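Input: a single structure, listed below in structure tokens.
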Amino acid sequence: MGSSDMDQKASYEDASREPGEVVSTISSSMNPLQPPDTSSEEPFTTYFDSKIPIPEDEKQSCFSFRKLWAFTGPGFLMSIAYLDPGNIESDLQSGAVAGFKLLWVLMLATLIGLLLQRLAARLGVVTGLHLAEVCNRQYQKVPRIVLWLMVELAIIGSDMQEVIGSAIAINLLSMGKIPLWGGVLITIADTFVFLFLDKYGLRKLEAFFGFLITIMALTFGYEYITVRPNQEKLLKGLFVPYCQDCGTPQLEQAVGIVGAVIMPHNMYLHSALVKSRQVNRANKREVREANKYFFIESCIALFVSFIINIFVVTVFAEAFFEKNNADVNTVCINASSPHSSLFPNNNQTLEVDIYKGGVVLGCYFGPAALYIWAIGILAAGQSSTMTGTYSGQFAMEGFLNLRWSRFARVLLTRSIAITPTLFVAIFQDVEHLTGMNDFLNVLMSLQLPFALIPVLTFTSLPSVMNDFANGLFWRIAGGLLILLICSINMYFVVDYVMSLNHMALYIGAAVLSVIYLSFVAYLSWLCLIALGASFLACGTTHHLGLAACPELFLLNSVDTDTLVAR
């Protein structure tokens, strides 16, 4: 163990001894309700073998580019979730269905995502623990296991889209010679190889992700320059919140944008990635500085991802909005495209996905546009598959407190996510995956409360965050944002279930909804208490608050005197 790690350990163990100077982490007081955990030990390092040092720059007291560069990395890895194949497909469908009219929704969803990522990053910086580890220490066994299962479902759903997206890109680049299942196997193999890049240094791994983001920017930027969207419509769509002549399809697409942008497992990922920097949590100034630079870096990273998303939306808005199948069929036949049969010769509105989107670009703008599109999708799928694997490792290690070897952890998390994807690839052809993507989007939308509610709960607890707990503004704003996002996604889920048109499915959905909403209500109840509504704690205003309610699954490490006072 290096000297920096010893310093981290010392600051963790001495947290309770110097209340004036030290930022404490999770309460170490033992409790009959507390899960088995040796609080005297240093928190188990889930992934990173070394931490990147932060340079001292005495000349620049307010801002230093050297320090910003040292903190740069986690935010860009986090931003890849905003550029995965699921997001790209949502972008192109938004452009094809609503033109430029929903760009403001994309911008608003990205801003909301930034604010939520801020909470996740602060949790990791202040406590030295990521979200799954905090859940493991703060929740009892039943909710902890349920949360882990929900996060794994979200990761599996996201991973299926990402791996399938990579496989589609490989299919397009090989002119159909490599089938979908072959592309999945290739993606699995190269993901294992790339995941071990950090053995050569964490900065090299982050540089590789930066390279993949650059590829996406260049490829989708090429499509943007080739199509040359109307700039006036672009600016109007961004800054004028309107949707003239919009109907149900456009509303559903707007809801889909929010669901695609804000990913539940990304909260767990970001709170873990910030642990890769060497921050002395015994020093409030360093913690405050780390929070500042991580937020600046997240702003830059999400701005880059937002620009790339704009490229995709506007390309399809300019070229394919209000096009029908007959229009595309004619162009593809004239271009001697082998894929013209994908578009029947009728007047139905054009429906596109990642695969058909590349084909349509090839028909209208030449083979180069198709292959460059495929390269961009491959970069998106490959990078997001890798970060999805990290999310799976952090979640499993944090919730279950696993201390396995590195290879065993990667193998298990990959197997859980990849197995269903391989089955889909074997039994489904590349041209008919839209229905599966709709289902996966619904699945991930259902998991959002299980990431957003815990992160708001714990960042609002003084016993967890000490002096860095959310203030009144962030509590109210965070609560309203989470309520808005969850409501939007519930609309999306209900709309999807109603479209199934089968009574047995309705009954099954109703039963599952009761169980699901009960657990969400339970987490929301605990969250409201953490936000300051102490009167909800067993219907009493007793100063013991949560400690007076041993049936609660949330551990009574909460400083309820502080909560009542606040």
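Every residue gets a Cβ built from N, Cα and C, even glycine.
Quick look at what TrEMBL lists:
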REGION    1-45  region 'Disordered'
COMPBIAS  1-20  compositional bias 'Basic and acidic residues'
COMPBIAS  24-43  compositional bias 'Polar residues'
TRANSMEM  95-116  transmembrane segment
TRANSMEM  178-196  transmembrane segment
TRANSMEM  208-225  transmembrane segment
TRANSMEM  294-317  transmembrane segment
TRANSMEM  359-380  transmembrane segment
TRANSMEM  407-427  transmembrane segment
TRANSMEM  439-460  transmembrane segment
TRANSMEM  472-492  transmembrane segment
TRANSMEM  504-537  transmembrane segment
Proximity of the transmembrane segment (504-537) to the transmembrane segment (439-460), 3+ C-beta pairs under 8 angstroms: yes
Closest-packing stretch to the transmembrane segment (407-427), where packing means Cβ pairs under 8 Å, from 95-116, 178-196, 208-225, 294-317, 472-492: 178-196
Dominant neighbour of the transmembrane segment (208-225) in 95-116, 178-196, 359-380, 472-492, by Cβ pairs under 8 Å: 359-380
Tertiary contacts of the transmembrane segment (294-317), as residues 6+ beyond its ends and Cβ separation under 8 Å: 68, 71-76, 78-80, 82-83, 87-88, 91-96, 98-100, 102-103, 106-107, 110, 113-114, 117-118, 121, 125, 213, 216-217, 220-221, 223-224, 227, 229, 233-234, 237-238, 270, 274, 352, 357, 361
Remote residues contacting the transmembrane segment (472-492) - C-beta distance under 8 A, at least 6 residues beyond either end: 112, 115-116, 119, 252, 255-256, 258-259, 262, 441-442, 445-446, 448-449, 452-453, 456, 459-460, 520, 527, 531-532
